[in-house]
Amino acid sequence: MDFTFISGQLFTGLSVGSILLLAALGLALSFGLMRVINMAHGEFLMVGGYLTYLAAQWAGPTLGDAYLWVAFPLAFLGAALLGAVMEFTVIRRLYGRPLDTLLATFGISLILQQAARQLFGSTGVPVTAPAWLGGALQLGDVTLPFVRLFVIALALIVLGGMWWLLNRSRFGMHVRAVNQNREMAAALGVNTRSLDLLVFALGAGVAGAAGVGLALIAPVNPTVGAAYIVNAFLVVVVGGVGSVLGGAVAAVLLGFVTALAEGFTSVSLAQAILLVLVVAFLQWKPRGLIPTKSRALEEA
Amino acid sequence: MKLSTSTMAVIAVLIALAFAPLYLGAYPLTLLGRVLALSIAAVGVMVVWGRAGILSLGQGLFFGLGGYALAMHLKLVATPRGELPDFMLYNGVEALPWFWAPFASAPFALAMVLILPAAAAGLVAWLMFRRRITGVYVSIITQALLLAFVTWLNGSQGLTSGTNGVTDFQTFLGVNLRGPNVANGLYWVTLLFVALALCGTALLLRTPFGAILTAIRDNENRTRFLGFNPAAFKIAAFMLGGLLAGVSGALYTLHLGTISPAMIGTAFSIELVVWVALGGRASLIGAAAGLVLGQLVKDRISSAAPDAWLYVMGSLFVLVVLVMPQGVAGLLQGRRRPAPLPTPPSPLTREVSDAV
Amino acid sequence: MPSDTHEALLDVRDITVSFDGFKAITNLSLSVPKGSLRVLIGPNGAGKSTLLDTIIGKVRPDTGEVRFDGQVISTLPEHRIAGLGICRKFQAPGVLEGLSVRENLLLTARRDKGVLGILKSPTRAEQDRADELLHLTGLTGRADVPAALLAHGEKQWLEIGMVVAADPQLLLLDEPTAGMTAQETAQTAALIHTLAGRHTVLVIDHDMHFVELLNAPITVLHQGQVFREGDLHTLRADPDVMEIYLGRPRELVAHD
């Protein structure tokens, strides 16, 4: 095993893990809060990716590389808006029926994918990354492309922001209260309905921002979200439902395992190995790395 | 023996289906046979999801194992003695892989059609339910395992023919699959299996086994404290679901003359679930009929307007769940069942004081 | 078997149970003789429900062990513990809502609870038992109604019927009279008296009127430990017992 190869793979793993983490954050939040699995969550990534493409198309000619700073708010708000509409029209009507929510959101994901296919075609649309992301950092023999470094930085910033929001803000206090005991929080005056809406939209927005990162790395196609979603779910399961920190650790771990396995075997075998490892892990810790202790969860 | 109206209706439909080769054209008959083969998998989904409350999104795995078990046999039979299957030659495989060899025997392959899916389902279920993994976790894990299987199939060109799938079958048990009367024969065999699956499952669910599955779905902990081991019953139900999916997969392979990863993937597995939801997850007939009718409608719409189909499908997912969670069967039953009885005042006062 | 346990059906030995560092039960020992009726009282948070949870295996003790009929059960899976003949009635009615009233009773009355055994139809004896219990609980007319459609009171009675159908050696009743009228409470007390003797019964309740009707030895729990044992009269005269109930002193004296 040569060191350069392994560190190169680990670095790729870290950047893959970063996108997984951004995708999984929203899932972990909405699952922790509402016990809802959103199968259409991957499509928020897709929407973020396409909005980046559109930003590059519209703003690129006038703003040049600065289109990226238009793309972020656009992707975040666009995905968040879509998330809010979904929560309002479908998800809140299925409260307490997690398996049914799963099916309904899968239907939504089919619709969104087909819409993307008709609007943008089924082949990927390329987004040109700004020139200043074109180079790479050389650390000895290891090449670290700036684009991937950027994605890792993006994940760190979002993770930090999320940590602050959940642990230091009033909004976060409400979220944690509802996580612990929904009825009690409601009785104490937390508007759980609007909180659900906000958290869901926030998770969607973060996934949308992840879509920007994704668009910089590879062309955006209608199934890009579906490709990431299963692994994002695994991140949530391995990390421990509702735990942001557990999700972060799990995302990086999964990214590493995938990248290393891909380095030594084929991509398809790597995916299979990863899934088998996750199932084996759950034999050891069925509630994930950082389990949430809550009576409400026990009863569910 | 007194038969209920619904049982009589089912018998009437089965008889009408038995005579279908007499009044249906070639294409409709092929289509009907194909979706009837799929309905066996739907019966399995009804047991696993409708009764035991386990939403598996990975039924394609067991369907695929049954299908591939048969396809491997058919491929070996269609390959001249001493030679390798064509796709292995293209991919530079020089000797028959060890796991292919025994499938040259028809009895072995047929046994594997039953054993492989059931054993795989048993193993998956054991791993999950032993550690009390429930709910959406099960859905995610089953979907992930299916994905792993499909990804492996796709990537293993030389072993499984990859994305192209196993195809070009000639004969099965000495019968030329392209012979003139094969279509009718295959249709009747399929119908027989559908009838067997329906009757067998109906009888099984009438035993206390069916009641226990309902009990576990409604309140797993309570069942545990009554002295039942929920994991054992869930594993049994999951194995039955896997077995039915495997049989369905094998029949479907015969109907289509091929099996490929695209036929068994996530989309297939979740579609299976939604047809069951549409027909009625709690009803055996609802599940089978939902699949058959749903697939027939799909055939119509997707050939007339391929682009519209996914919108229809997606909206169906949302609407079934929002508007009629118990499916069409639930709507029909709801109309028949009388409203809940008014509660008698102060129950059992007399009886208990008497008893005491 | 140590000789000191031969009379005790349930023998809780020096158990400690903690949740995330909080000790719900500390070095608690309790022994209940075969065929007896025992009442467990104590202020909120005294560890009463945790003790029952530990006996049925829902919670595992950090140290110590629970023995049933001489056998250590605190390491067995829940369904095995239930299979030995321990049945608990939870505070909230735990009927199986998707099944009919009769099915609820039949399932509970089954002796063979294995996967293969379940395929057999209920025996004649089990069916007779179910009919008898339908009559006893006054639910004969509702036998084929899904349990979900029963009124709250009916569910309570169905669950008591299920507990009797299980014919357990040890019966654990967690606030069985919650939400019952005075008359129903009296009936329940009478029913429990008929059960004691053939079964061993351990009851938790807050309702002192009900405790008085049970007229049985009482164990007072406090801060996860056995605080006192004795009959209701002795305990009422005990200033220390009154002391721990100070927050809610009326409970012990309300029905004098």
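Placed from the backbone N, Cα and C atoms, the Cβ positions cover glycine too.
All TrEMBL annotations are machine predictions without curation.
Within the chain carrying the transmembrane segment (B:7-25), a Cβ under 8 angstroms from the stretch's Cβ atoms is held by residues 32, 36, 183-184, 187-188, 191, 195, 198, 285, all 6 or more beyond its ends. Annotation source TrEMBL lists transmembrane segment at B:7-25 (among others).
Look at TrEMBL and you will find B:31-49 (among others) tagged as transmembrane segment.
Annotation comment: TrEMBL describes B:61-78 (among others) as transmembrane segment.
According to TrEMBL, the transmembrane segment annotation covers B:98-129 (among others).
Taking Cβ pairs closer than 8 Å, the transmembrane segment (B:136-153) reaches residues 54-61, 64, 124, 128, 160, 162, 261, 264-266, 269 in its own chain, all 6 or more past its ends. For B:136-153 (among others), the entry in TrEMBL reads transmembrane segment.
For B:185-205 (among others), the entry in TrEMBL reads transmembrane segment.
According to TrEMBL, the feature transmembrane segment maps to B:226-252 (among others). Within its own chain, the transmembrane segment (B:226-252) is flanked in space by residues 34, 37-41, 43-45, 47-48, 51-52, 54, 56, 59-60, 62-70, 113-114, 116-118, 120-122, 124-126, 129-130, 132, 189-190, 193, 197, 201, 204, 209, 212-213, 215-216, 220, 259, 263-264, which lie at least six positions past its ends and keep a Cβ under 8 Å from the stretch.
Per TrEMBL, transmembrane segment is recorded for B:272-297 (among others).
Under the heading transmembrane segment, TrEMBL lists B:309-332 (among others).
For B:335-356, the entry in TrEMBL reads region 'Disordered'.
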Open item on the list: Need a quick answer: max count of Cβ pairs under 8 Å to the transmembrane segment (B:31-49), which of B:61-78, B:98-129, B:185-205, B:272-297, B:309-332 is it?
Closed with: B:272-297
Open item on the list: With contact taken as 3 or more Cβ pairs under 8 angstroms (pairs 6 or more apart in sequence), are the transmembrane segment (B:98-129) and the transmembrane segment (B:61-78) in contact?
Closed with: yes
